[in-house]
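*Asks:* Provided herewith is a single structure, encoded as structure tokens, for subsequent inquiry.
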Amino acid sequence: MAYPYELGFQDASSPIMEELLHFHDHTLMIVFLISTLVLYLITIMLTTKLTHTSTMDAQEIETIWTILPAIILILIALPSLRILYMMDEINSPSLTVKTMGHQWYWSYEYTDYEELSFDSYMVPTMDLKPGELRLLEVDNRVVLPMEMPVRMLISSEDVLHSWAVPSLGLKTDAIPGRLNQATLMSSRPGLYYGQCSEICGSNHSFMPIVLEMVPLKDFEIWSSSML
């Protein structure tokens, strides 16, 4: 989860988020090198007293600044496409959960079970227990097994919403009349917080998401108690 005054990303808790963090560092380093080079060239141009008034063109330099950006774009595009295909790939999910966005709460349905569904509302500030987080706690958490691929089917009943859990690298639009899907797999147990990430009305800020990732044995106990 996020910490006060945090400047970086949340700790990665899924393979996809780890890949995204590596890609971010890779791209940021390229941007840093380009910015440094441009700043150096500008400084040289502003401080040098040398001029060459008879130069009309420079084929060598033009060739360099045509080929070099192409190489840089390839170095950015290849890992980006790799992660994009990884995010879309779903290999034999062990569980499927359908989530529907409403103004302003989420509803969940475990499609592998006959009667396992519930609504998830934000806990009001006056009802919070010691240690709970304001605007992030819900009355019904989404309990899922850790270290197992889970398919999320995401849609909306009314307006555009977006189902997002940053530490798992998830953000999928919930669109009325359309069913989007995403894959999640947590590498460790814990509570993972998210929020609706699409402005959807006056109470947009009051649509938190809480995933509780537990070992498979504990998930089976929980699912049995909910049926």
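Quick reminder: no glycine exception, Cβ is built from N, Cα and C everywhere.
So Swiss-Prot lists these for the protein:
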BINDING   H161, C196, C200, M207  Cu cation A1 binding site
BINDING   C196, E198, C200, H204  Cu cation A2 binding site
BINDING   E198  Mg(2+) binding site
TOPO_DOM  1-14  topological domain 'Mitochondrial intermembrane'
TOPO_DOM  46-59  topological domain 'Mitochondrial matrix'
TOPO_DOM  88-227  topological domain 'Mitochondrial intermembrane'
TRANSMEM  15-45  transmembrane segment
TRANSMEM  60-87  transmembrane segment
*Asks:* Can you tell me how the residues of the topological domain 'Mitochondrial intermembrane' (88-227) break down into helix, strand and coil by DSSP?
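*Replies:* Split into helix, strand and coil, the topological domain 'Mitochondrial intermembrane' (88-227) gives 21 helix, 61 strand, 58 coil.
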*Asks:* Please average pLDDT over the topological domain 'Mitochondrial matrix' (46-59) for the predicted structure.
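*Replies:* PLDDT averaged over the stretch: 76.
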*Asks:* Rounded to a whole angstrom, what is the C-alpha distance between E198 (Cu cation A2 binding site) and H161 (Cu cation A1 binding site)?
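*Replies:* Rounded to the nearest whole number, the Cα-Cα distance is 5 Å.
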*Asks:* Measure from the CA atom of H204 (Cu cation A2 binding site) to the CA atom of H161 (Cu cation A1 binding site) and give the result in Å, rounded to a whole number.
*Replies:* 9
*Asks:* Within the same chain, where does the topological domain 'Mitochondrial intermembrane' (1-14) have neighbours whose Cβ lies under 8 angstroms from its own Cβ atoms, ignoring anything closer than 6 residues to its ends? I mean 6 or more beyond.
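*Replies:* 20-21, 24, 133, 166-169, 184-188, 190-193, 213.
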*Asks:* Around the Cu cation A1 site formed by H161, C196, C200, M207, which additional residues qualify by having Cβ within 8 Å of the site's Cβ center?
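*Replies:* In sequence order, the nearby non-listed residues are G101, Q103, W104, W106, S162, A174, Q195, S197, E198, G201, H204.
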*Asks:* Going by a 10 angstroms cut-off between Cβ atoms, which of the binding-site residues C196, C200, M207 has the sparsest surroundings?
*Replies:* C200
*Asks:* Residues sitting near the transmembrane segment (60-87): Cβ under 8 Å, six or more positions beyond its termini, same chain?
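*Replies:* For the transmembrane segment (60-87), the nonlocal Cβ contacts are 16, 19-20, 22-23, 26-27, 30, 34, 169, 182-183.
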*Asks:* Suppose the Cu cation A2 site is C196, E198, C200, H204. Which further residues of the same chain have a Cβ inside 8 angstroms of that site's Cβ centroid?
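*Replies:* Apart from C196, E198, C200, H204, the close residues are G101, W104, V159, L160, H161, S162, S197, I199, G201, M207.
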*Asks:* Count the residues of the topological domain 'Mitochondrial intermembrane' (1-14) that DSSP assigns to helix (H, G, I), to strand (E, B) and to coil, and report the three numbers in that order.
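*Replies:* DSSP classes over the topological domain 'Mitochondrial intermembrane' (1-14) add up to 0 helix, 0 strand, 14 coil.
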*Asks:* So what sits near H204 (Cu cation A2 binding site) in its own chain, CB-to-CB under 8 Å and at least six residues off in sequence?
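*Replies:* For H204 (Cu cation A2 binding site), the qualifying residues are W104, C196, E198.
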*Asks:* Other Cβ atoms within 10 Å is the metric here; tell me which of the binding-site residues H161, E198 scores highest.
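*Replies:* Result for the most crowded candidate: H161.
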